[in-house]
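Down below is the structure, laid out as structure tokens.
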Amino acid sequence: MSSLPSIATVIGSGTMGPGIAATLARAGATVRLYDISEDAIARAEAAYGVVQGVLAAVDSPSAPGGSVSFGTDLDAALEGTELIIEAVPEKLELKQKVFADLEARIGDEVIIATNTSGIPITTMAESLRVPGRLIGMHWSNPPHLIPMIEIIPGQATDEALVGQLVDIVKAFNYVPVLEKEIPGFVENRVLYAILRECMALLEEGIVTPEGLDACVKWGIGYKLSVIGPTRLLDMAGLDIYQAVSSYLNKDLDVSTDTPQFIKDKIAEGKLGFKSNGGMYEYGEGDVDAKRKEIVTGLIAARKTLSSIPNV
Ligand SMILES: NC(=O)C1=CN([C@@H]2O[C@H](COP(=O)(O)OP(=O)(O)OC[C@H]3O[C@@H](n4cnc5c(N)ncnc54)[C@H](O)[C@@H]3O)[C@@H](O)[C@H]2O)C=CC1
Ligand SMILES: Cc1ncc(C(=O)O)c(C(=O)O)c1O
């Protein structure tokens, strides 16, 4: 596990930061998790024990000496750091302000990896003093369970940094996927293509949310978790793909904005788990129960998928 930095800093302790920090720490790094919000830090500290249990359950690679410390003191969080992973909200101006605060405190050799969901790295790097040190490192949620990370160099990213980050990701046994830069990167382009069609089908009343979830989980998700879309085409036959895509592609949803019914729900304060209601409604204790079911399912699925050939 020699490629792993001895000291790493995660900036932003919301949905993504704690799982990222815990994964690196279990692999042996000393990790500082920083946030501007005391409340976010308190929540992360409370969740850390649970996340450690999950990492143990999936046999995430472990090495002695790793730890996570939590705090709102940026200078302390950056002391001696080699790798910074930025996980603050998805707003370009905020991320650029954070980069400026970081660059005022760190040496030129320190790497900054951004967990942006899809803002082009080249755009983000424009404001940096040392643009070559910025690289995209897109973890998938929940980051301590999904063992794949997209690596996206921008136009200014140092070439050597790409290989270095690939080695870091391999050091904690995740699959690095190296990509060329494109808005949304690969994972979210595919996910958002699926979500666009799903939301259109719901809006048009073609299927219920329950029916949609069952169809996508068993008809698509189960299959794609084993074979991937490229191999799926070989299994189905390229001639079948041609026959279907020739009439179906032109009928698929091509909306460019968020669906109105989603905007309406947001206006009503329905954001999902975080507000006890979104696509579904949740009563007392339901959100905690669903979160547990999801984690249990992901642990079981990851164990199974790790034990079968990579087809
Ligand atoms: N939520 C998700 O499923 C995924 C999110 N991402 C990306 O990761 C990044 C973080 O997303 P989430 O964790 O969901 O966001 P979040 O909103 O849950 O957490 C962000 C945290 O950053 C903190 N923060 C705000 N300004 C800060 C500053 N100046 N310095 C330090 N901390 C600051 C907030 O207090 C908050 O705790 C975003 O770029 C997002 O697009 C990537 C993969 C999945
Ligand atoms: C709905 C949604 N949007 C973005 C992301 C991301 O990868 O940035 C995710 C995710 O699961 O990681 C997501 O579910």
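Every residue, even glycine, has its Cβ placed from backbone N, Cα and C.
Straight from TrEMBL, the features:
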- G12, S13, G14, T15, M16, G17, D35, E90, K95, S117, N141, K274: NAD(+) binding site (BINDING)
- 9-181: domain '3-hydroxyacyl-CoA dehydrogenase NAD binding' (DOMAIN)
- 184-282: domain '3-hydroxyacyl-CoA dehydrogenase C-terminal' (DOMAIN)
- H138: site 'Important for catalytic activity' (SITE)
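Note on the domain '3-hydroxyacyl-CoA dehydrogenase C-terminal' (184-282): DSSP counts are 72 helix, 3 strand, 24 coil.
Taking the Cα atom of each, D35 (NAD(+) binding site) and H138 (site 'Important for catalytic activity') are about 19 angstrom apart. The Cβ of K95 (NAD(+) binding site) has 24 neighbouring Cβ atoms from other residues within 10 Å, across all protein chains displayed. Between the CA atoms of H138 (site 'Important for catalytic activity') and K95 (NAD(+) binding site) there is a gap of 15 Å, rounded to the nearest whole number.
With a CB cut-off of under 6 A applied against ligand 1, the binding-site residues G14, D35, K95, N141 are reduced to G14, D35, N141. In three-state terms derived from DSSP, G14 (NAD(+) binding site) belongs to neither a helical nor a strand segment and is classed as coil. Spread of the NAD(+) binding residues is 23 Å (greatest Cα-Cα distance among G12, S13, G14, T15, M16, G17, D35, E90, K95, S117, N141, K274). Annotation for the binding-site residues G12, M16, D35, N141: lowest Cβ count within 10 Å of the residue's own Cβ, N141.
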